[in-house]
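To start, the structure under review is shown below, and the notes come after it.
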């Protein structure tokens, strides 16, 4: 009951936030039409074997969903700045409900970002089988798990002043080594780094939709390790920040 | 800290667990201490606070800034873990009492979150508690009904404070804790606030509030706990605190009198001049008035008055050395 009320409250609040809507939904959308629009007939982007509208749809979806998940951190940080976490801390709302709500809200925003990019892709002529859309979406949602933890971690670690630049810069860098903005040559240094990061596999999840296979064992391991590491760091940051056991 | 520095050890107020069959235990703070590390070295915010509060009491924590009121309240709420000592609320730990929805609180600092309207915020907080008050009733009581549809980030300071009060009140707690609740309120808001508080207290609720407004403590609390430098320096009904100090002043018109000589009169602790009049602070005004009239038979327009809480407060918390604490206050 209380978790439901709190989640509904958080969702309503989140979708009212114009800055969030602009950064997590608007930016990827605009960038997509700028990058993919002029090359919509390019069937083999930089020799990747993938058409430009599909390549950038997948990339922008990864970017938008990542930003959505990390926006949780911006919201938590803002709440801490005004002492709202302390106010919640002296209500019967449990840590479990609090964190569940934060994660559910993050996923709701990520889902919206994802659907937005799918629609944009469809507008630029992307056509896939229903099965492919679903498989791709499921893998992306799984690939976002480490980012749910990362959002909570930075929210309890960073101040409102630093979290914006940290998110923007961090996701920008992740984007480069993960092949969000442009394809990386297999075997290149950046590609090797990328393969060890969850964001790389998020982009790869998108490529499944275009005829690739699911994640290899390496991808699952990378995601699993990052989930465990970021999850325990997030739990620690949350406990230290709130004094909860 | 030694027991001489802990005033008001009345039977039944403090001590061990209540005997079987006695009413539910209230709030017990036992030997609470908390220090904070700072670059200038540790700051001992609270140094061994002992307070026991019966259910249904309205208690004011009175003291200047830095007295340790807020830190004491944070330990009572479970927001701060004490270095030593324990806090218990209705027989539970503070965290357990919070989880059970027994405590509602208005913290000293804190703004409201954005992107939400007043009523939505109050309603969401109500939904977190097992037996909340009716949201519209609370909005009415706290004078928020007319701005229920306003955004929280467009409120004035006084309105924000009222919303924070509404949040504490809507939880319908058995223990309501307010840390300097009226600081940002205007006179009218303050009046409305205390009217609401009286009504809430009349339901048998326990209320603990911190304030540095002497009038508020005097007027609204059954009992005043006076704090200074992390310690309780006096604890009792407001009238009792005044009696403990026993401060009276004698004012008399006495042109040209020697202040130093007046100050040496028996029973007099201090002397001051206001125009033609002199004002004598007295430890024992009966002795002092006899001595005054004997020495200065021409003294006229004599007034003897009891000191307000203000003066009691100054006397108790004025120059308060660490070891010479409250023996003169404790009985």
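Don't overthink the numbers, they just go from 1 along the chain as shown.
Cβ from N, Cα, C; glycine included.
Annotations in TrEMBL come from automatic prediction, not curation.
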Of the ranges A:75-95, A:138-158, the one TrEMBL annotates as transmembrane segment is A:138-158
Check for me, if you would, whether the transmembrane segment (A:50-70) reaches the transmembrane segment (A:217-238) - at least 3 Cβ pairs under 8 Å, residues 6 or more apart in sequence.
no
Can you name the far-off residues of the same chain, 6+ from the ends of the transmembrane segment (A:20-38), with a Cβ under 8 Å from a Cβ of it?
14, 52-53, 55-57, 60-61, 63-64, 67-68, 71, 74, 109, 112-113, 116-117, 120-121, 124
